[in-house]
Amino acid sequence: MVDSKTPAKTKLLDSSSISNVRVVLRVRPFLPREISDESCDGRSCVSVIGGDGGDTSEVAVYLKDPDSCRNESYQLDAFYGREDDNVKHIFDREVSPLIPGIFHGFNATVLAYGATGSGKTFTMQGIDELPGLMPLTMSTILSMCEKTRSRAEISYYEVYMDRCWDLLEVKDNEIAVWDDKDGQVHLKGLSSVPVKSMSEFQEAYLCGVQRRKVAHTGLNDVSSRSHGVLVISVTSQGLVTGKINLIDLAGNEDNRRTGNEGIRLQESAKINQSLFALSNVVYALNNNLPRVPYRETKLTRILQDSLGGTSRALMVACLNPGEYQESLRTVSLAARSRHISNNVSLNPKVETPKVKIDMEAKLQAWLESKGKMKSAHRMMAIRSPLMGTNQTSISQSSVKKLLCHRSAIAESAKLAGTGQRDAFVTARNLFGVETLAASHLWEPIRNLQLASPTKEDERDTSGEENLLVSEASLRDNTLDVEKKYTELSPLREALSPIDSNAKPNSAHGSSPFLKPMTPKTPFLSTNPEIMQMEGTCQKFNAWSNNLKTSLIKEYIHFLNTANREELRELKGIGQKMAEYIIELRETSPLKSLTDLEKIGFTSRQVHNLFKKATEGVLEKPVSASTTP
């Protein structure tokens, strides 16, 4: 079982809590080549007052420029000096308390951030004599898996030139970054390797390390050219899965100092771009901006769960003691990251195999009941109004005649013009009108089991009468459907055609669909305020305003409910703008067109966007009609 003396134990048992990103500072020692340099006096530009690495309270970190005597002060959570074993201290005091939560279904993230040559890769990977945070974390998790009978798996990938690549696959396998319906990031195509011992971990992990992109630069002999991410997933007995992400970020580079050219310059540009996007995310979260630019780069999308998401996060800011400017930029972003709050929540339980077996049994039972339901449906059809008063079986000839009437109804619907034809087609358009298909009226006929004709059926003279009664009931159903469609469509608030050709139908009269009449010009519903206006132009303008208001309501409703593909079908909205709209409405639904200005639209652009959408509706051809 998990040690009950873990300091964070009480917090880990909560189903959800608020946790700020914890930021600690690690200053690496001077390298031998730096000590031998005459320009290096061995003095660090970083100092601390107010605590050490063992203190839980915040510390004040001072940066002093030896050339200009400029001083800067920042508040961080902990400070770890230039001791050779300070990585082990960081693990014991910062990373180790996060591990028990993984076995309870929580996620955690540890990322090393800093300039190139500041010791990030050494902090995460380490060497044989001084292991880094990755092997130390794996060793602790494996020992806890033995005690709790849990399983551990690892995945290892890199973000190189803003593309994700699986490092555990022999062949180059690019990973797709996707979002689910809840906004959680998923990596499609990422492989995982079960790990039961440190030897298995070292075998898989070292294979991935060798495949990671590194190169020699002017500032570092072995410089990482990509962001490396090691994911350790744990599945406990209750099938609750938690994971920890160990991220080794590539360092930002000053190409004036490195002298990068060619491919190295392109790599440096992508690295700096992703780190700049990371700083924009930190800025947006600190200032509570309505839009956080997670989607600017693959790196920020991956870190979306760690910065402002649901993971407990630890940032290890790595510094070179002899570089003031680089240290200043690193500590500045790290200090701002401390104020980011994560809403840490418990991962849902995974279905057990027993539940899956039960689901198969339920599926089998459902299939059996489906057959019974069909039989019951047929029995209901026998008792339907189609059978007349005698409740006898309908003959095949009567059904064939009724089906002929159905084809006649379809022909009359075609003659009724595009306006009536659209009322019988189920489709989703810009304004979200979902109409009811006329085929629903024929479900009793479709499910009816035809009986073979008998002599008794041939002698039955009530078949024609039953058919006429059926037609009358179908007409009543049709009127009910049209009434329901009128209630469903919000556009009827502005436009409500009145059928001036409507006449009372007799019980034995033919269906109105069988004798299509010449369509007449529809009239607008009588609004008392508008009808009191004098002049046709004033009335027309009033109806136009009502129509415009209804279109705006439907347009806003569409923006709040449509998915990414449906939004992209609108004129003027591309893929990135559709993603911005989805992010905006997750915070709060759009209430007016001016809300689009929150994602960068100007008022003129919003007007043009709505104009383009309505042009597509108004450009549709209108069927010509004449009045007597």
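Yeah, the Cβs are placed from backbone N, Cα and C, and that goes for glycine too.
Note that the structure is a prediction, hence the values are computed from the model and not measured.
Here Swiss-Prot flags GLY114, ALA115, THR116, GLY117, SER118, GLY119, LYS120, THR121 as ATP binding site, drawing on sequence analysis. Per Swiss-Prot, the feature compositional bias 'Polar residues' maps to 498-509. The feature domain 'Kinesin motor' is assigned by Swiss-Prot to 20-340. What Swiss-Prot lists as region 'Disordered' is 496-519.
Structure with Swiss-Prot features highlighted.
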residue	record	contacts (Cβ under 8 Å, 6+ apart)
GLY114	ATP binding site	LYS120, LEU249, GLY251, ALA317, CYS318, LEU319, ASN320, GLU326, THR330
ALA115	ATP binding site	GLY251, ASN252, GLU253, ASN320, GLU323, GLU326, SER327, ARG329, THR330
THR116	ATP binding site	THR217, LEU219, ASN220, SER223, ALA250, GLY251, ASN252, GLU253, THR258
GLY117	ATP binding site	LEU219, ASN220, SER223, GLY251, ASN320
SER118	ATP binding site	ARG28, GLY251, CYS318, LEU319, ASN320, GLU323, GLU326, THR330
GLY119	ATP binding site	ARG26, ARG28, CYS318, ASN320
THR121	ATP binding site	ALA112, VAL222, SER224, GLY228, ASP248
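Within 8 Å of the Cβ centroid of the ATP site, not counting the listed residues GLY114, ALA115, THR116, GLY117, SER118, GLY119, LYS120, THR121, the chain contributes ARG28, ALA112, ASN220, GLY251, CYS318, ASN320. Following the DSSP three-state reduction, the secondary structure of THR121 (ATP binding site) is helix.
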